[in-house]
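Here is the structure we will look at, set down as structure tokens.
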Amino acid sequence: MRALVDAIRAQGTVLPGGILKVDGLINHQLLPQLTREMGETFAQTFRPLKPSKVVTIEVSGIAPALATAMVLGVPMVYARKKRPVTMQGSVYTAQSVSRTKGGVVELFISHEFLGSQDRVVVIDDFLASGGTLLALADMIRESGAQLLGLGCVVEKAFEHGRANLASLGVPVRTLANIVRMDEGGTLVVEAGH
Ligand SMILES: O=P(O)(O)OC[C@H]1O[C@H](OP(=O)(O)OP(=O)(O)O)[C@H](O)[C@@H]1O
Ligand SMILES: O=c1[nH]c(=O)c2nc[nH]c2[nH]1
């Protein structure tokens, strides 16, 4: 996605610990036009698979996932990282590691909004190690829903998430690919695939 690659080249900075800061377009401020194009691109990729639901994880996955769900005309459900009092009854849970806040987080999705009738596409902001998407895939498997595909806005190819997700046997689509980056100012970005 050309506009996304250009925006990352213009605004992206590299922080210690191998973290790419793109807070101006994905993780703090959101650009509606760019987010809409993310949704249109993911929808074009996944529409032929006839998804009935888009699933993501709070917080940064919500914007691209909602943009995708709006184009597809299906509901979007996000896994919560803290169980609120409104989430009564049975839940699917899994654990993941937060890359930007540190520590292990528990993920929760209510049985109310995910079940064996669902055909699911997962959308998130970053694909790094793939650990978060594997945790989400576990919850989807437990629900009996069918996982159709995975879409992430930014892939950090050097963290090998794509290979770690291969066992899921579903297509993985990303919109921008970070080939190389370091704190010295190197930031090599190309279109995703
Ligand atoms: O492929 P992985 O190694 O699992 O990394 C990707 C995950 O890391 C981030 O979550 P984080 O909790 O850091 O951020 P967020 O709250 O902004 O969504 C990001 O949103 C992905 O969900
Ligand atoms: O803002 C972010 N930058 C990153 O490099 C990253 N990797 C996983 N999750 C991430 N979030």
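Every residue gets a Cβ built from N, Cα and C, even glycine.
Quantities reported herein were computed from a predicted structural model and do not represent experimental measurements.
LEU20 (xanthine binding site) falls within a strand segment according to DSSP. Cβ neighbours within 10 Å of LEU20 (xanthine binding site), excluding its own Cβ and spanning all shown chains: 19. If you look up TrEMBL, you'll see LEU20, ASN27, LYS156 marked as xanthine binding site.
Per TrEMBL, the feature domain 'Phosphoribosyltransferase' maps to 33-157.
Counting only same-chain residues 6+ beyond the ends of the transmembrane segment (59-79), those with a CB under 8 A from a CB of the stretch are 26-27, 30, 35-36, 38-40, 42-43, 46-47, 51-53, 107-109, 113-114, 121, 123-126, 136, 139, 151, 153. Per TrEMBL, transmembrane segment is recorded for 59-79.
The 10 Å shell around the Cβ of GLY130 (5-phospho-alpha-D-ribose 1-diphosphate binding site) contains 22 further Cβ atoms across the protein chains shown. Look at GLY130 (5-phospho-alpha-D-ribose 1-diphosphate binding site): DSSP puts it in coil. According to TrEMBL, the 5-phospho-alpha-D-ribose 1-diphosphate binding site annotation covers ALA128, SER129, GLY130, GLY131, THR132.
For the domain 'Phosphoribosyltransferase' (33-157), the predicted model reports an average pLDDT of 97.
Comparing CA positions across the binding-site residues ALA128, GLY130, THR132, the one lying closest to LEU20 (xanthine binding site) turns out to be ALA128.
In the structure shown, the C-beta of THR132 has more C-beta neighbours within 10 angstroms than that of any other entry among the binding-site residues SER129, THR132.
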